[in-house]
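Asker: Dropping a structure here in C-alpha cells format, bear with me for questions.
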Amino acid sequence: MRKKIVAGNWKMNLDYNEGLALFSEIINMVKDEATGTQEAVICSPFIHIHSLVQLSKGYSKIAVGAQNAHQEEKGAYTGEISAKMIKSTGAAYVILGHSERRQYFGETNALLAKKTDTALKNDLRPIFCIGETLQEREANTHFDVIKTQLVDGIFHLDAEAFAKLVIAYEPVWAIGTGVTATSAQAQEIHEFIRKEIAAKYSQEVADATTILYGGSCNPTNAAELFAQPDIDGGLIGGASLKSRDFTDIVKTFN
Ligand code: 3PY
C-alpha cells in the first residue's frame, strides 16, 4: 500500500523561534493522528531544519524536509545550499520544482532533472512538483504541460530511483489564490499522472507512487480531495502555518 503524506510547505515564513514553537505544537497535536502508512512532513526554511529534526526524534511518523536544493554537489555558489548539507541535518525530504521556484527563479525541467539526480544521490526524497498555469488550462494544453514536466524532469530515472520520489500536482492557478481545483479536476490529473507512470515504468511502480495534491488545500476541502482514488495526501501552504489546521488535515485520513 502506498504511503499517505501530508506535507507542510512553510515557504519563506517564520523566524527561528516562531518555527520551533509551531513545530513543537504540531508534534504534540499530530503525534497520535498520523498512523499506519501515513506520514506528516514539514518542509521549513533552511535555518530551522536541523532543530526541527532534533525535535522530531522519536516520532516515526513525523519528518522534516527542505524546500529547495542546489543541483551541484558543492562549489563556489555563494548563498546556496547543497543536498548533502541538507541530508547532514537529518532531513528526509526536499521539495523540488515548486511553481514559485519555476516562476521566480527560472527553474526549468532540465535544471530540475539535475536537482532530482543530486537530491537522490544524497539520499533525500524529492517531492517533485508539477502543474499547469491558468493560461495553459484555458488553452487546453494542461495534459501536455504535465506530461512534459514528467518526461523532462523525472522520467530519465530508472524504476528503482523513481520509486523514491513523491509527486505533487499543484495547479499554479490554485497556489496562494484561495482557489482550489475541484476534487474531480484534481483526480483527473492524478489519474493521468499515474497512467503515464504505468506506461513509462509499470503498473506496479505507478500503484506504489504517492501523488499529493497542492494548492490552497485546507481543512475544509481536504476530506473530499483525499477521498479521490489517486490522491494520496497534500502539499499544504498557508494551512501548514497553523497547527490546528495542519493537524485537521492530517486527521482527514483517520
Ligand atoms: C499552496 O498551497 O499554496 C502551496 O503552494 C503548497 O505548496
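The backbone N, Cα and C atoms fix where each Cβ goes, and this holds for glycine too.
Taken from TrEMBL, the feature active site, electrophile applies to His98. Taken from TrEMBL, the feature active site, proton acceptor covers Glu170. Feature annotation from TrEMBL assigns substrate binding site to Asn9, Trp10, Lys11, Gly176, Ser216, Gly237, Gly238.
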Asker: Taking the Cβ of Ser216 (substrate binding site) as the centre, how many other Cβ atoms fall within a 10 Å radius?
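Answerer: So the Cβ neighbour count for Ser216 (substrate binding site) comes to 20.
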Asker: Give me the Cα-Cα distance between Glu170 (active site, proton acceptor) and Gly237 (substrate binding site), rounded to a whole Å.
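Answerer: Spelling it out, the Cα of Glu170 (active site, proton acceptor) and the Cα of Gly237 (substrate binding site) are 11 Å apart.
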Asker: Looking at substrate and its recorded binding residues Asn9, Trp10, Lys11, Gly176, Ser216, Gly237, Gly238, figure out the farthest C-alpha pair and report it in angstrom, whole number.
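Answerer: Per the listed residues, the maximum Cα distance equals 13 Å.
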Asker: Filter the candidate list Trp10, Lys11, Gly176, Ser216, Gly237 of binding-site residues, keeping only entries whose CB is under 6 Å from an atom of ligand 1.
Answerer: Gly176, Ser216, Gly237
Asker: Would you pick out, from the binding-site residues Gly176, Gly237, Gly238, the residue whose Cβ has the largest number of other Cβ atoms within 10 Å?
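Answerer: When each Cβ's neighbours within 10 Å are tallied, Gly237 leads.
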Asker: Please compare the recorded positions Lys11, His98 by how many other CB atoms fall within 10 Å of each one's CB, and tell me which has the fewest.
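Answerer: Among the recorded positions Lys11, His98, the lowest count of other Cβ atoms within 10 Å belongs to Lys11.
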Asker: Which residues, same chain and not among Asn9, Trp10, Lys11, Gly176, Ser216, Gly237, Gly238, have a CB within 8 angstroms of the centroid of the CB atoms at the recorded substrate site?
Answerer: Ile175, Ile236, Ala239, Ser240, Leu241
Asker: What does the structure give for the C-alpha distance between Trp10 (substrate binding site) and His98 (active site, electrophile)? Integer Å is fine.
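Answerer: Here the two Cα atoms are 12 Å apart.
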Asker: So for Glu170 (active site, proton acceptor), how many other CB atoms are inside 10 Å of its CB?
Answerer: 27
